[in-house]
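Record features, source TrEMBL:
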{"type": "TRANSMEM", "residues": "12-37", "note": "transmembrane segment"}
{"type": "TRANSMEM", "residues": "57-79", "note": "transmembrane segment"}
{"type": "TRANSMEM", "residues": "85-110", "note": "transmembrane segment"}
{"type": "TRANSMEM", "residues": "130-148", "note": "transmembrane segment"}
{"type": "TRANSMEM", "residues": "181-206", "note": "transmembrane segment"}
{"type": "TRANSMEM", "residues": "234-258", "note": "transmembrane segment"}
{"type": "TRANSMEM", "residues": "264-284", "note": "transmembrane segment"}
Amino acid sequence: MVSPLSAILHVLIMSAEFITGITVNGFLIIINCHELIKSRKLTPMQLLFVCIGTSRFGLQIVLMVQSFFSIFFPLLYAVKIYGPVMIFLWMFFSSVSLWFATCLSVFYCLKIAGFTQSYFLWLKFRISKLMPWLLLGSLLASVSIAALCTEVDYPLHVSDILRNTTLKRTELKIKQISEVLLVNLALIFPLAIFVMCTFVLFISLYKHTRRMQKGPHGFSDASTAAHINALRTVITFFCFFISYFAAFMTNITFSVPYRSQNFFVLKFIMAAYPSGHSVIIILSHSKFQQPFRRLLCLKKN
């Protein structure tokens, strides 16, 4: 059982993560939609930020509903949270968030990296036109993954598992873990692309730094800053996502006792992911920093 003091602490932490996530992702959506109203069009980067903000906003809501039910309505948590609808939403927003972040890393890689190979230049000049199709493909892939996850047998067994932590369920647990891992193998593909783009940015930064040492600086300093900002964004996302995915897999395979301290720690780790990377995106883009400070009343208009 969770003591009243622990419950209050959990609620405070979850509320802080929820408010942060809603604020930063809502900001990404609103500031770019404002640009749409003003100029009647969105650049590929702005469209990408709207999609990222929307996916993280949805994931934050799903995670906070889960955490809220786990503390205040534990019996409903056992019945509803692992039902088909919630599993679909949870997996959809988790998957689409990764796919959209992968699209962002591809965009950074092509626009910032200074390679001159013909195939790289071909992609570099066409990525803006290809971006809407990449986002649509990400959406369809995420719907497919989420639909497959609803076929896992959690809704039939989760209530018994949550109510009886001593239940002998070795065979069932192994079966469920294998099914979840099999479905989530699909996420390895966008994650591999993400890692590859990060590696390419590292190589590009290394080569660019060596060129700087042999010649005048000038535009090189701006290029170095662009490389560093892009790497900071993609590396922090990678750290946040790996932490989220590890906590997610631990949580969904029931390896941690229900409503234990470790159970809530997993919830905190998962809830930090949708907001953490969006904060880095805002801090890494100068055009977002001033409006965001005004939003937080840190700077007068």
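Glycine is treated like the rest: Cβ placed from N, Cα and C.
TrEMBL entries are annotated by machine, without manual review.
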Checklist entry - Are there three or more C-beta pairs under 8 angstroms joining the transmembrane segment (264-284) and the transmembrane segment (181-206), sequence spacing 6 or more? => result no
Checklist outcome for this item: Lying 6 or more residues past either end of the transmembrane segment (264-284) yet within Cβ distance under 8 Å of it, the residues of that chain are 2, 6, 10, 13-14, 17-18, 20-21, 24-25, 27-28, 49, 52-53, 56-57, 59-60, 63-64, 66-67, 70, 97, 101, 229-230, 232-233, 236-237, 240-241, 243-244, 246-248, 250-251, 256, 292
Item to check | Non-local residues, at least 6 beyond the ends, that sit with Cβ under 8 Å of the transmembrane segment (12-37) | outcome: 46-47, 49-50, 52-54, 56-57, 60, 64, 67-68, 267-268, 271-272, 274-275, 278-279, 281-282, 288, 291-292, 295
Checklist outcome for this item: Under 8 Å Cβ-Cβ from the transmembrane segment (85-110), and at least six residues away from its ends along the same chain, one finds 44-45, 48, 51-52, 55-56, 58-59, 62-63, 65-66, 120, 123-124, 127, 131, 134-135, 138-139, 141-143, 145-147, 149-150, 152, 154-155, 183, 186-187, 190-191, 193-194, 197-198, 200-201, 230, 233-234, 237, 241, 244, 248, 274, 277
